[in-house]
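Trainee: Input: one structure, supplied below.
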Amino acid sequence: MARKPLIAGNWKMNLDHQQAIGTVQKLAFALPKEYFEKVDVAVTVPFTDIRSVQTLVEGDKLEVTFGAQDVSQHESGAYTGEVSASMLAKLNCSWVVVGHSERREYHNESDELVAAKAKAALSNGISPIVCVGEPLEIREAGTHVEYVVEQTRKSLAGLDATELANTVIAYEPVWAIGTGKVASAADAQEVCKAIRGLIVELAGDEVAEGLRILYGGSVKAETVAEIVGQPDVDGGLVGGASLDGEAFAKLAANAASVA
């Protein structure tokens, strides 16, 4: 089964709602329409930007999709500061990032919480982008494959085959996020192949063949084609390189060249 690559920008805590409009406009207009037939292009934006991006995308019928960077595991109630999946669904979010290493580190998010957030998203028709990845000491010890497979298993706990079919996994080695260090294409392939093997175990060959596994961690326009060209890497979760619309369009075009 041919998997259409997904290039998803993770803006993190950058760009206000006015800047968001300009960035998405530049992205959409800088990427020729035929490229959208080869790759899916998305932005995951701060909560305060979502409504502005939705209005632009739907009003101008842009091919870019959008989503959020986190979601509550709860549906509603006395959870100050939280945003529910149903609220995101009302804004027509297609995606939500869960379990990013920055959430795991700064907010002490566990694999169990990540799985609950993924479940909440799926229950509201939103595809979670479930992030996993090893720290430097695990990589240096040579146990990174086992570590990431087990982390992925726990972060997907409770999801059935249908839910897994609507899930995206992003492999982001923690030591490569925002550091300028990039895992080699072979490194990315090694871990993504192992993740796909886990999905075979959990949900069968058909789901595993259709599920998209992204690489994240200092992805740049110059490196994306080689990484996405690997047999088990189906796109990228892009941080800093997604903050400039035209530069992100170039990155997506380079990914499309190997699709």
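Yeah, the Cβs are placed from backbone N, Cα and C, and that goes for glycine too.
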Trainee: Taking Swiss-Prot at its word that ASN10, TRP11, LYS12, GLY178, GLY239, GLY240 bind substrate, choose the one of SER155, SER218, SER257 listed for that site.
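Mentor: Record check against Swiss-Prot: substrate site with ASN10, TRP11, LYS12, GLY178, GLY239, GLY240, extra candidate from SER155, SER218, SER257 is SER218.
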Trainee: Hey, for the substrate site built from ASN10, TRP11, LYS12, GLY178, SER218, GLY239, GLY240, who else sits with CB inside 8 A of the CB center?
Mentor: ILE177, VAL238, ALA241, SER242, LEU243
Trainee: Going by DSSP, is SER218 (substrate binding site) part of a helix, a strand, or coil?
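Mentor: Looking at the DSSP assignment, SER218 (substrate binding site) belongs to neither helix nor strand, so coil.
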Trainee: In the three-state scheme derived from DSSP, which category covers GLY240 (substrate binding site)?
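Mentor: The three-state answer is helix.
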Trainee: Can you name the residues of this chain that are 6 or more positions from GLY178 (substrate binding site) yet have a C-beta less than 8 Å from its C-beta?
Mentor: SER218, GLY239, GLY240
Trainee: Provide, as an integer number of angstrom, the distance between the C-alpha atoms of ASN10 (substrate binding site) and GLU172 (active site, proton acceptor).
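Mentor: That comes out at 12 Å between the alpha carbons.
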